[in-house]
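Comments concern the structure below.
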C-alpha cells in the first residue's frame, strides 16, 4: 500500500513561529506531498529558504486552502477567526496557534504528551495552547498522574520572542541604546496595541497581554483556564486550583517558570518526583544542585523538551513543592507543539474533517 | 545645647554599596563630624569624590576605628567577622551589611519602618538584612499588622548588582558580546567562588548564593529566616510560613518579587490592602492596571521607597493575594537601609556601645 502523503499549508509563515513551523515540519515524521506558505498581502512573493530549498509566500485567501490536508496556523487571533472556518469548509484540518478558539468547548486544546487522546474528538480544528501553559502542563501532568495535584501557583519569566520578532528587535535595539547611554525607545512592549509602552532591556514588565477583570492579565487567565482545560478537561474545573503572575524579562528565547504546587499523595518526595519526571515524555530533568546544574533559557534554546530542575519540598508544608521549568517558547511553546499535534493526527489517521465539522 | 556630631566610618567604601552609603549619608539628617572611608589594602589612596569633595581611602585596620562613633560596614562576611569586634571594642556602634552576624540572637536585624523598635536592644552591632528580604518585609509588615499574615511564597527576579559591581560589569560585557554574536564569558555569576559560571545576559540563573541543605540556596534560606526574624522576632518562628525561589535576571539595578501571601482576616480585599500600603512608611503603591501603571526596576532605580503593585486576590482562595514588589536593591536593599538605621540610632540617642557589649 502506498503511503498517504499530505498537502500542508503554513498560515502566518513569515513570523517567528511560522518560520520555525517550517523547520520543525521538515524534521518531522509526516509524509509531505507539498508545502504552501501563506501570509498577508504584504508578504506575497517573499522567499523563505530551508535547507537550500526555496519556498515562495502566497496570499492567505480562502481559496488557498483548496486541496490542503493540514493547516498549521500562527497568524494571530483576527486572522484565525476569519480563516479557520474557510480552511475547514474546504476539507482541511486546522491546528491553530492563536488564542481565539482555545476556550471553545468543541475545540480540543492539546499538548500531545499530556492529553493527546482528546485529538480523536476533533471536529476539524485543534487549538495549540499558550506557550507558558504548554511547558507548565508538560511538567505537571506526570506529577498529577503519579501523586494527584491540588493547587498550582506560578510566577513566569517570559522571553521577548513570545511577543513576536518585532518585540525581540525592539529589545535588542533598546539594549544597544542602553550600552551607549542613549534613550531607549519602546513601541511594542508590553503589548503592541495597548496605550503605554516601556523598555524591556535591563527591566521587568509585570504585564503580558492586556488587563482583564479582577486586575489579572489575559496571559494570567490563559494560564489558569488553559491549564484546567488540559489537565482536567474543563477550563472552569475546580479540581486543581491555578493562579499566578506573568512577567516579561529581557531574554530573547526561553520562558522560565517558578512553579509551586501541592500534591494529594503524602508519600511524594523530591526524589520520587524527579524519578517520575525523568521517565515522562517530553521532559528532561536537570537537577543537580551540588554540580550547579539547572535549567536555563540559553541552554533550552533550540530544544524540543521541557527542562525541569530545582525540585524541592516546602520546608513547612510536606505536600507542597517547588520546581523551576524552562522551555524554548518558540518550539515546544509554539512551532514544535503544533507540528507534534500534526504528527499525532497523521499517526492516528485523524487527518479528516469529520461529518460533525465545526463549519 | 550644642548638637552632637558623629564621626562615621564606611567600611568597604569602594564597592557598589559602599559608594552609595556615602551618597545616602551625605543626604541624611545625621550631624556629621567627619567621614572615614576604609577598604582593603589594594584601595589605599584611592580618591572618591562626592559633590566636589574628595575623600581618600584608608586601610581598614583595627586602629582605624579609634574615635569612630558609627561604622557602616559593607565589605563582605569575612571582613565583617574580623573587623566588627575590633570596631565595637573601640567604642563604635556597627551597622553591618554582610550576612555573617544576621542570625545571631544578640544582633538585631533591622528594617527601620518595620521593626525599628528593636534597635533599643542593640549591644554594639545591628545587622542590615538581605536586599530581597528588606523590600519584601517593607511590603508585608503593614499587611501583617492590618490583616494578620499566615503564609508567604515568593519568586524573586534579582538584579546583577546584588552580586556586586564586578557582576554588573560582567553582565554588560556579556551583553555586548551577545549583540556582536561573540562568545560570552562568565567568571562571576552565579557565585564568584563557586565551581560553575554561566552567562546572565539574555538568560536566567535560578541560583543566588551557594546551595545548602534540602537543595535550597543560601539566598532562599536568607529570605526565609530573615523574614521570620524581622516579622516575628525569631528566625525559626512558625507563626508565618515562608518559602520561595530566588532567580538572577539580566537587570542591572532593582529586584522584582512576585509575592503570594495568605492573610488571617477574611475581610481583607485588594482595595483595602492598597489603602493600607498607601499610608505605610517607605511604601509607594503604583497599581493602576487600566493605565498600565505598575512597579518596574528602571522606574525604581535611585529611589528609597519600595514600590508595590499588581495587588490581586487569588480567584479560588479568598484570603490569598498576589502582589508585585520592586525596589532599588542598592538603596533600600543596602545603602539606604544602612544609613536609615544610623539615622534612627541618632534620633533615639542610641549611638553608644552599652555595658553588655557583644565584644
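Residue numbers in this text run from 1 along the chain shown.
Backbone N, Cα and C atoms are what each Cβ position is placed from, and that goes for glycine too.
Here is what TrEMBL records for this protein:
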type: DOMAIN; residues: B:7-122; note: domain 'Semialdehyde dehydrogenase NAD-binding'
type: BINDING; residues: B:14, B:15, B:16, B:17, B:42, B:43, B:161, B:162, B:329; note: NADP(+) binding site
type: BINDING; residues: B:102; note: phosphate binding site
type: ACT_SITE; residues: B:131; note: active site, acyl-thioester intermediate
type: BINDING; residues: B:158, B:248; note: substrate binding site
type: ACT_SITE; residues: B:255; note: active site, proton acceptor
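TrEMBL feature annotations superimposed on the structure.
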residue: B:14; record: NADP(+) binding site; DSSP (3 states): coil
residue: B:42; record: NADP(+) binding site; DSSP (3 states): helix
residue: B:102; record: phosphate binding site; DSSP (3 states): coil
residue: B:131; record: active site, acyl-thioester intermediate; DSSP (3 states): helix
residue: B:158; record: substrate binding site; DSSP (3 states): strand
residue: B:248; record: substrate binding site; DSSP (3 states): strand
residue: B:255; record: active site, proton acceptor; DSSP (3 states): strand
residue: B:329; record: NADP(+) binding site; DSSP (3 states): coil
With the NADP(+) site defined by the record as B:14, B:15, B:16, B:17, B:42, B:43, B:161, B:162, B:329, how many Å span the farthest pair of C-alpha atoms?
26
Distance check against residue B:329 (NADP(+) binding site) for the recorded positions B:102, B:248, B:255, keeping those with Cα within 10 Å:
B:255
If you draw a 10 Å sphere on the Cβ of residue B:248 (substrate binding site), how many other Cβ atoms land inside?
27
Determine, to the nearest whole angstrom, how far the Cα atom of residue B:16 (NADP(+) binding site) is from the Cα atom of the residue listed as 'active site, acyl-thioester intermediate'.
13
Recorded positions clustered about residue B:131 (active site, acyl-thioester intermediate) [Cα within 10 Å; pool: B:14, B:42, B:102, B:248, B:255]:
B:255
Counting other Cβ atoms within 10 Å of each Cβ, which of the binding-site residues B:14, B:158, B:161, B:329 scores lowest?
B:14
In sequence order, what residues of the same chain, 6+ apart, have a Cβ less than 8 Å from the Cβ of residue B:255 (active site, proton acceptor)?
B:131, B:132, B:135, B:156, B:157, B:158, B:159, B:162, B:297, B:326, B:327, B:329, B:333
Least surrounded among the binding-site residues, given as B:42, B:102, when other CB atoms within 10 Å are counted:
B:42
How many Å lie between the Cα of residue B:102 (phosphate binding site) and the Cα of residue B:42 (NADP(+) binding site)?
28
From the DSSP assignment alone, can you count helix, strand and coil residues within the domain 'Semialdehyde dehydrogenase NAD-binding' (B:7-122)?
41 helix, 33 strand, 42 coil
What's the most sparsely packed of the recorded positions B:16, B:131, counting other C-beta atoms within 10 A?
B:16
